[in-house]
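Since the structure comes first, as structure tokens, the remarks are kept for the end.
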């Protein structure tokens, strides 16, 4: 099932997601729905908070990028970055921040401890694009969006688009969750 994507300023995107204690049929269904939703958008990574579930769960598939065609889709549960190395800047975008792109500096290599869809533990090293996508998605689990990591001058350039998203004035080729703008209350 295709799930609607929550967009910029939705509270679920700024909350710290809760760890999973295991994988049952409802989590397996959510994982399948997340892959379907990611491919429909199309995207290369999707975190559970982006589809309204405050859980430490994400899916990644960078094989649609020509130079990464050999990579397999990946399910990551309860990730924890245990070490980082190098740094580089690269343009990022996000399904939850449609129409916005900007450079973000991140470590170019990470060692990640996580559980897979069978809840089996792994510790692996990732570099380049895969390291970047994983860090971007893990940020979602920690309540951080890529625009929060952009240089201030770059963020100012996209502020009008961010304001439009915040007000629910955004069009996408994929379904987005209903957006209820905050209403000012007079004291």
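Positions of Cβ are set from backbone N, Cα and C atoms, glycine also.
What you see is a predicted model, and the numbers here were worked out from it, not measured in a lab.
As given in Swiss-Prot:
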type: ACT_SITE; residues: 137; note: active site
type: BINDING; residues: 94, 136, 140; note: Fe cation binding site
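Shown here: features listed in Swiss-Prot, placed on the structure.
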| residue | record | Cβ neighbours (10 Å) |
| --- | --- | --- |
| 94 | Fe cation binding site | 25 |
| 136 | Fe cation binding site | 23 |
| 137 | active site | 24 |
| 140 | Fe cation binding site | 25 |
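Close to the recorded Fe cation site, the chain also has 45, 47, 50, 92, 95, 96, 137, 139, 145, 146: residues not among 94, 136, 140 whose Cβ is within 8 Å of the site's Cβ mean position. In this structure the alpha carbons, written CA, of residue 137 (active site) and residue 94 (Fe cation binding site) are 9 Å apart. In the three-state DSSP reading, residue 94 (Fe cation binding site) counts as coil.
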